[in-house]
Amino acid sequence: MIFIDNRQNKFDVTEELTKKLEEVISFVLKEEKVKEDCEVSLVFVDNEEIRGINNETRGIDKTTDVLSFPMIDYPEDKVYKDVYLEHEFDKCYFDGDELILGDIVLSLERTKEQSIEFNHSFEREACYLVTHSVLHLLGYDHMEEEEKARMRGREEELLGKLNITRES
């Protein structure tokens, strides 16, 4: 289940946008071989709120585009499909029958700024950031160059399969 919570009032959150982002989340989960019913929360905020969350949770007093809060601890250099296709999850990761993957906090204000900066659509930028964040919920990271290359490659592959291009 995908929960969407709009906590900002600077941008209209259309049904078209929420459906597209739900489609992106579902597609990434399917492509990453997530078989369980799962729970992902997507929270829309403005720059001020994401800056506060970034400072509170990471000690970085700076606006960012998206924050990911995975609920599952993955072994180092492993992602969901590397580990959990053959193993079961501990019950603490479930809410009833749903696997709790985590939360995505997306600044729609920063998304708009970046879409202008990178010269593509707001929808494309939002889809990219949500794809990026879902991959974080599944254990991907970009702290080391090798991890970064793996994650960036996977992002582009997934967006390509969804036909979401820089021209979109």
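Every residue, even glycine, has its Cβ placed from backbone N, Cα and C.
The shown structure was predicted, so the numbers you read here are calculated from the model rather than taken from an experiment.
Taken from Swiss-Prot as is:
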BINDING   HIS132, HIS136, HIS142  Zn(2+) binding site
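All features noted in Swiss-Prot, drawn onto the structure.
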residue : record              : Cβ contacts under 8 Å, 6 or more apart
HIS132  : Zn(2+) binding site : VAL66, SER68, MET151, GLU155
HIS136  : Zn(2+) binding site : SER68, PRO70
HIS142  : Zn(2+) binding site : LYS148, MET151, ARG152
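For the recorded Zn(2+) site, residues HIS132, HIS136, HIS142 set the reference point as the centre of their Cβ atoms, and the other residues of that chain within 8 Å of it by Cβ are SER68, SER133, LEU135, TYR140, ASP141, MET151, GLU155.
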